[in-house]
Amino acid sequence: MSSSIPSVIVCGSQTIPPSRETLDNLASYLTKSPNPELKAVREVLLALPELWAELKATEPQFQALSDEPIITFRDWFLRHDTGSEYEDNIYNLSHLKIHERLPNILLAPLTVIIHIAQYSQYLDGLGLDDSDDCHVHIRQSTSSRNTTDIGPKFQGLCIGSLSAAALDASPTRTALAQNATAAVKLALCIGAYVDSQRLADSGSSSYSEMACFISRWGADCCREMVEEMLSRYPEAYISVELDYNSITITAPSGDMPSLQEDLSREGVRVANVPVNGRYHHSNNGRSLQSLLQLCCSDPCGPFWVPWGQDRLERYLRSILTEPAGWFSDMSETINSITPSETQMPMTTLELGLVSCIPPSLAALPRHHIIRGSLSPPTQPYNYPDTSIAIIGAACKYPGANSLDELWNIFAAGQVMYGEAPPGRFGKETVAGNFLSDADQFDYGLFGISPREAMYMDPQQRIALQVAYQAVESSGYFGSPNPDGDVGCYIGVGNSDYEDNVHSNTPTAYSFTGTSRAFVSGRISHYFKWTGPSITIDTACSSSAAAIHQACSGIILGDCSVALAGGVNIMSSFPADQNIAAAGMTNSTGPCRPFGADATGYSRGEGCGLIVLKRLADALSQGDNVLGVVVATAVNQSDGSSSITVPVLRSQSDLYRRVLSRASMKASDVSYVEAHGTGTQRGDPIEYQGAREVFGSSGRYQAKSHKVYIGSVKANIGHTEAASGVAGVLKVLLMLKHGQIPPQASFTSLNPAIPPSESGQISIATQLEKWKRNFRAACVNNYGAAGNNTAIIICQHPPKTLPSSTNTAQTLTRYPFLITAQSQVSVRRYCLALAQYIETNSKPLSLAAAFSLVAQQQNRNLRHRIAFCASSLPELWRLLTFHAQAAEDTSVLLPPSPRKQVKPIVLVFGGQTGSTLQFSKAVYDSSYHLRQNMDKCDALIQEMGLPSFFPDIFSQEPIEDIVILHSCLFSVQYAYAKAWLDAGLSVHRVIGHSFGQLTAMCISGVLTLENALILVIGRANLIRDCWGEEKGSMLSVQIDRAGAEALAWSESSLGDDSIEVACYNGPNSHVLVGSELAITNVERRASTASLATKRLKTTHGFHSKLVDAIMEQYSNLAHIVSYNAPVIPIETCSETASWKIFTPQLVTEHSRRPVYFCDAVRRVERDLGPCIWLEAGSSSGAVILAKQSLTSKSNYICGLQLGSPSTNPLDSVVDTTLELWNQGSSVQCWAYNPRDLVHPSHFLGLPGYQFDTSPHWLPCATTDHNKSNDPSPVIDGLISLERLSRPEPRVSIFELDQKDWTLAHILRGREVLGGILWPLALYMGLISRAAALLTSSIPSASRLIRFAGLEIKTPLGSDLLNGLCLRLKQVEAWSWGFSLESDCARHATGTVIVDDERTSRPPDHLSSLPDFATATTVFSAPRGVAYKLLEKVAEYDTAYRGLESISMNEDTAIARVHLPPAAGNSRFVGNTITLDQFLLVAEIHALSMEDSKRSEVFACSGFGETTISANFMRATERDRGQTWQVYTRQSAKRGREFLYDTFVYEAGEGEESGSLALALTGARFIRTSTSALQQVVELANTPSRSPVTEEIAPSPNFLQFQEGSANVWSLTVNLLHELTGCALEEISPQTILADMGMDSLAIMEIEARIREVFNVDIRISPVDMGSTVEIICERITAQTSPSHGLVNVVGNSTSNTTSSSSQCTPSSSFESDSDTQATELSLSAPTMEKVARVVATHVGSGEAVLSSSRLHSLGLDSLAVLELQSDLHVNFGVRVHLMQLDCSTTIGDLHALVMRRGVRENIYNGAV
């Protein structure tokens, strides 16, 4: 809103003669506007003839002037004013003759009237509440932007200065009415004097009419030259300095032709101005004096001007006698404007029909000019009492996951028609308008298990997510205590997903997942709503009917808020065929509503939901109203036609009914959002119905009053049950943007529709402005079963002005809290918000951004980021910084999980002096604080005290203790209530001394009124009844015994007793006594070197000095009543807190000591570590509490609102941030977020960013002619076996090891006489699987990236059982992969798929190496290169692609062509070619000088790889393709050599020189030929034993046998699958109830246990407290030996089969033998020897410790084989280490050796 408030308002010079249209609009606006200033102008306009007569009576010279112009103008306006209808009077202007030279007596007052009317219309257009004075807001805004208190904010030129004076002199809009009247009268007088001077001059023989023209010169001329020419014409003069190169010249009309010709000859451009008479000339001096006499002499006279004579004279001189220095004045004004901190444009409002802002100033950067206008008037719409506000909205439609994206589709006329996503309908091809990600769901956010999500209809899942965003956009989460009285009305038609669920084995989730009642029920259940929850099915009109029911429910009181809309997802091919068979759908393309080529509708899917609330409630509660549903209506077609065809009479009747309910005329509706499905029968009927009601020929149709019709189905198809709400959302977006979008696919009208007469109804073919002052639309939705629903939606009423208009100027920083259920969602939201800020078309202030975010964040979610920003650019930088962590975890620690909030204790301080620390800035800014302070002030005044405003803001001492205590209480109360109103959950309150009275009120013991009675009455007694000795108090740093001894010793020395008043801390106490006694104590304490401080209290409280008021105070305490506390209160009593509150205890509280330390420690003992928050400011109470606390886990928060060096609002912001970081859900109460933003922003703000994963249950086919395997297959080599089962986000691919492509690739490469998979083959298979999961990315732009690929157990020719590829999604288009079989894990890493068109280059490609300067030391032709490889591998000729290679010490450059064996298969060609690329690095390694003949190099993995789309399709493009390969040795670590390889396309094509592949960090391990031979043999030998042959593993990598794993690991997997709990979070001690299991989950796990273990386990509600360990034990007790827990023993006969992914927990499941092995002592000498052996295989110089992990030391599969051999040589132990876990340490390896029983040999030095 602030962006549209002008910094300067400029009133132009005397108007040109207005056009008839302008006069018409002016008269209509003056007639119909209720604004006070226009009522006054209307009255003076009607009285012009009478005023003119009085004026003529005062000046004889006016007698010669004609009365006709004024009388004619008045009479014309009078006819217009008394006319009944606008249409009747629009043509009654013929008698008003508009001449080019109207007299000044008419033009001058008309100028002021136009200025005031345009200004008034501008105020109306701000969208602010009529009850607020918009003019006041304008004045404050322009004042706050001006750097000086002196200088105008309203500027006027010539007659315009009168309008500016009226605006500037008016503090309110009511005052403007008086000043506008004065300005019009004054303009009449000025015009009369100018006209009379013209008439007098005409009597001269040399008279010539004075006229004006503008002169503008360029660079080849100058002002001096112009002035020199003017000197030749004595009567000509400069009247206005318009710009630095432009002036207005007034001259006799007879001189003008020659003068203008002279100027033009010198290159000066001239333009005439229709102003007649002599303004800005000294000859008008007498007229000036006469005017001053007329307007200042008689306050009761008709021409009195209430501006003061000096001010009036200044204005009159600027018009009559002095040249106008307009350019200087405007330059000074513009320069006085303070630059906006957020670099928002400076805005100037220009009023009048003549533009007068100097062009050079108008062209300044970031200078935005708004020009006043007079548009046709409209009567204010009176919203019915039953009006329903739309306060939130969200959607998900084809191509649009947000409302902004949906508008982009509408505005561009896009069509989302296309084929269904792959696999949606099996192998069938279906066209329509589809969501690309209907299977995606954020199960974690909604607390739904992955397995349950799998069985849920996607309509339920998508409705949940869209509901969350709609509720979020409504500000529901911004409320500290959201109301649960919310209804949920969802329209749902088909439930296609039933086919998917019913074709699979029934589960406990099958019914709840497919029943349509659960679509609405789940939403209500998640939000804990108690209002009606209803699913509605009226076919295609379901969502509109749901909105109708929701509005009715609110009106009837069934709920106070409602969520309404609809959802439609298609997944059943038979259902689609059924609809097609009915002849409804269009088989030729998209919907074409009302078009000549319409042949039926195309189906669509999506979801749209809106949040509704009664309009009156929404406005009073400050909700952001996006639009208003003023009426809804439903009926049924009368049956006169086919049931699926609409009936004209039924539809037109419905329109009339809904108009009647809305109290609207048909002409008020300017847009009809039709059902418009594009059918030949339905479209003409609907069009005719709309035209009959909204476009009748008898209705007056101005050009701007055109009625448009359209249908959203042209863009997104017929979304059936979600179609009605789609139309509603379209209207909301049209209201936001003020535009009517084009109808997609429309070229010509359906010939069956009769053409409209006089353009009554139009169909937009381009984006058009919605040219109505009041915008209303009717949405029609028809159901195929005959239901008609109509909804009228109109613009929201004006928004109320913020109660604190200068809030934004007082704030320097805003706090931001970003929350989500997962880290991924937090970061995605940061990115989305940063992009919104960067691309938002409307200027957004930091305050608006804060408001938007504050109202939408759900503070109860698990993860959060909190920070402050002082400018919009800083906010963007912080958001971008946090968002980048999503890709680079080194940038930032991940978003912290929301902490378990410590109990919060509110601490109220005592009286610390006679001054207060209360900030006016905080009071002005905070709605919550101000509301509570005002409440206290009102009650205090009712009790007879004066208001404490504004004295309470002063930091001067308050002498009257009654005022002091009432203020102190009010401040503490207001601060505490501000925190509570902001949603702070308080567990305990505690008050020190006086603060305990406030704490009693906040806790609920005392009402506010009773508390003030007690506080004020007590203060009155202290002031009036206290003894002569006031007393004094002294703080002493000494322990309790010392304080009591000091008090006793002083009391024993004289009559004055000393008491301990406050036990503040272990070493902090306050003594109280007479002034003399305290002075003596202070002296003695100083002698004893004790730290003391005299307190600035007014009296000696908590001492015998209080006795003087005790009796009367007791009487007072008996007057008030005491309640049980709502918030627990800890009283500062000695041994225990008060159980009940009595008058006696309250009275004694003022007399007895304050045992604050004791009370604080009791709170700590009861609640544990707490957050201690001060209720007030700078009292030091929380610091005292800190001294008494024993645990460092307590957290202290204190506001510093009175420090002169601290911005008080910043202190509130900082404290809020501290509380957020401690896990609190409190809001920042320093300002009211709803005041800072316009509702239109809420339709564009990004919603919650879901962390989704696919959940789609395949539909088993019943067609016996089709394959029983529904899995998509690619060339037979790799097939998708399972998706998202049993683990979420996991896709499992089976590999056909007998496929020809695999055999063909391996056939041409022999490694040491055997087969070993090349690294390229692993990459190829993984790439293909990733491509299958990202079919939405065109292959032509699909970019594949790998990270951290590592070969664990190499593969060869051995056919392995269960060989599969597992991909687990970790991010969008990013998967962690594992190639594994039943016996081993073979390769791991990460694969990422990007779209080359949109992705940025990976980091490792940011700086490519320069190979141009490499010096060649050795070159080898093709044959020599392969000869070097022969000691490792031999390649058949057809598989060779290396043409030549050149090398030096660390670099190799080679040329590679496509090998002949590539054939026609892209997969085969890419794999074989990629293998040739990798050979370049291997050849370089083999060629090094220190390479031994018995050594070879094997690649075990790499760091990062990027494969371009060009390379992936190279084999298809050109059989003669060649590449240039550059390789460099980037690092050398012992036996490990790292290489980087870059491949560029060679040749002369357009792709030449482009990067095909980049591979960095390839690890080549130097190993012996014999070690590699072992690897080859192992990879080619059938029936390998997976883990050990003779040695059992140590406890650190104990793994269950196949049978035992089926209890623990399968149980854990089942629980993970059903609850969504992460595997790593499930331990034996995990309690079932803590995993979020409900009754359905219990039923499902019982069924799954029966299915897996064949045992019957019943889990009762009592068992919900059981642990996972107990459940496993119960299963074990019933299982057969094949399923039982089998202990793993450490002897040579034990053979184990390991699951690489599941380890036993360290729990009671460990066997006895395992425990004994764990307890074996480790021998230091043996450990050293093992470490030395390992070190020889590492060779990196890194220290090898017992805790060192083998994996981190670089021991890959090849190195492990050599280590295995060396262990046998050194220790006589044969161990197989290939299956060791990645966490295996040196200590674990040592334990393996020890368990072989060879310690004796080692100790005897056998090795």
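Going from the start of the chain as shown, residues are counted 1 onward.
Cβ coordinates are placed from backbone N, Cα and C, and glycine is handled just like the others.
Because the structure is a prediction, the values reported are computed rather than measured.
Among the features that Swiss-Prot reports, active site, for beta-ketoacyl synthase activity is placed at Cys540 (among others), with the record citing sequence analysis. The Cβ neighbour count for Cys540 (active site, for beta-ketoacyl synthase activity), using a 10 Å radius and every protein chain shown, is 30. The secondary structure of Cys540 (active site, for beta-ketoacyl synthase activity), as reduced to three states from DSSP, is extended strand.
Residues annotated as active site, for beta-ketoacyl synthase activity in Swiss-Prot: His675 (among others). Long-range Cβ neighbours of His675 (active site, for beta-ketoacyl synthase activity) (same chain, at least 6 residues apart, Cβ-Cβ under 8 Å): Cys540, Ser541, Pro646, Gly682, Glu686, Ser711, Lys713, Ser723, Asn780, Asn781, Tyr782.
Marked as active site, for beta-ketoacyl synthase activity by Swiss-Prot on the basis of sequence analysis: His718 (among others). Under the three-state DSSP scheme, His718 (active site, for beta-ketoacyl synthase activity) falls in the strand class. The Cβ of His718 (active site, for beta-ketoacyl synthase activity) lies under 8 Å from the Cβ of Cys540, Cys591, Tyr601, Ser602, Arg603, Gly604, Thr677, each on the same chain and at least six residues away in sequence.
Taken from Swiss-Prot, the feature active site, proton donor applies to Asp1475, supported by sequence analysis. According to DSSP, Asp1475 (active site, proton donor) is assigned to a helical segment. There are 23 other CB atoms within 10 A of the CB of Asp1475 (active site, proton donor), with all protein chains counted.
What Swiss-Prot lists as compositional bias 'Low complexity' is 1692-1710.
Residues or ranges marked as domain 'Malonyl-CoA:ACP transacylase (MAT)' by Swiss-Prot: 919-1176.
According to Swiss-Prot, the domain 'Carrier 1' annotation covers 1605-1679, on the basis of sequence analysis.
Among the features that Swiss-Prot reports, O-(pantetheine 4'-phosphoryl)serine is placed at Ser1639 (among others), with the record citing sequence analysis.
Swiss-Prot lists Ser1757 (among others) with the feature O-(pantetheine 4'-phosphoryl)serine.
The annotation region 'N-terminal hotdog fold' is assigned in Swiss-Prot to 1272-1398 on the grounds of sequence analysis.
The region 'C-terminal hotdog fold' annotation in Swiss-Prot covers 1416-1573.
The region 'Disordered' annotation in Swiss-Prot covers 1690-1720.
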Subject >> For the region 'N-terminal hotdog fold' (1272-1398), residues assigned helix / strand / coil by DSSP >> reply: 26 helix, 54 strand, 47 coil
Subject >> Secondary structure content of the domain 'Carrier 1' (1605-1679), with strand meaning DSSP E or B >> reply: 51 helix, 2 strand, 22 coil
